[in-house]
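*Asks:* Take a look at the following structure, please.
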Amino acid sequence: MTDFYILAFSNFKTEQIILSVGIMIMYSLTIVGNLVISMIISLVPNLHTPMYFFLCNLSVVDVIYVSSSLPKLLSITITQDNRISFAGCISQLYFFTFSAACDILVLTSMAGDRYVAICKPLQYTLIMNRRVCGTMSTLCWIVSAVNSLMLTLLTSVLEFCHSREISHFFCDLKTMIALSSSDTTSRKIFIMIEDIIIAFIPFSLTVASYVQIISTILKIRSSETRFKAFSSCTSHLTAVILFYGPILIVYMKPESEYSKEQDNLISLLYVAVVPMLNPFVYSLRNKDVLDGVRKLTTSQQ
């Protein structure tokens, strides 16, 4: 197979240096931030709880998420060589779809954890035990891997005779299918079903969880207890809004109202910016994480 050509942000010729520096900063902050969060959770016993267990999973997934697309994009902006081999494109497609699905499932698991913690506090330790958390985490990774493998295999056998120019900054699944000269009707139906199972249902469960959580919090008479209960959900709720917000904008906005470059810029939000912000969202105003950092720094001195 011949090479593909990632057009990325080809219209921004004069801003390539600024774009390269921005991508490098975002990628570095994402890798360092998520690895630090994972290390703190692993080393501090007080953080060995279901919420932080899932947060550790989210951090690892986010590292894979950004590493599947940003290094190649950085290389393109620096060298101006936008070629990518067929094998490289398929590999990028696999790891991106895997990490994106895993992100959604882990965020949904975290919503379930917050639901049990707020709505069923007396049963929390019984329901969210180590075995349940381990099973939920394993399912997130296995389901994402199998789903991504199916999507990648279905895409890898397509023919690309008319054009190999990918009008995105990575090998996006829908862009690849639109580019193919093969009959992709069956793939589009499969992707629609897959979107419902992997994306819409988990998103609906997350929304339903927070409807119940907010309803339960509003019934609490003590304002102090109400604030404490809500504050335990703010980090996760912020991460959910940051993750789903740009995706909903990209997929729900009519195509005629925006250019492909604008679409790519919005996509860059959930591909690069959101994984970079997650460690800050979960640490800056989180007393448990900040206490864990103090304990680690104290023990090292």
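Note that the numbers count up from 1, one per residue, in the order the chain is shown.
Glycine too: its Cβ is placed from the backbone N, Cα and C atoms.
In TrEMBL, annotation is done automatically, which means it is predicted and not curated.
As annotated in TrEMBL:
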| type | residues | note |
| --- | --- | --- |
| DOMAIN | 33-282 | domain 'G-protein coupled receptors family 1 profile' |
| TRANSMEM | 17-44 | transmembrane segment |
| TRANSMEM | 90-111 | transmembrane segment |
| TRANSMEM | 132-154 | transmembrane segment |
| TRANSMEM | 196-218 | transmembrane segment |
| TRANSMEM | 230-252 | transmembrane segment |
| TRANSMEM | 264-284 | transmembrane segment |
*Asks:* May I ask for the residues of the chain that lie six or more residues beyond the transmembrane segment (196-218) and have a Cβ under 8 Å from a Cβ within it?
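*Replies:* Residues 101, 104-105, 107-108, 111-112, 114-115, 118-119, 143-144, 147, 226, 229-230, 233, 237, 240, 244 contact the transmembrane segment (196-218) from elsewhere in the chain.
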*Asks:* Can you tell me which recorded stretch out of 90-111, 132-154, 230-252, 264-284 has the most Cβ pairs within less than 8 Å of the transmembrane segment (17-44)?
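*Replies:* It is 264-284 that shares the most Cβ pairs under 8 Å with the transmembrane segment (17-44).
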*Asks:* Averaging the per-residue pLDDT over the domain 'G-protein coupled receptors family 1 profile' (33-282), what integer do you get?
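*Replies:* Averaging the confidence scores along the domain 'G-protein coupled receptors family 1 profile' (33-282) gives 88.
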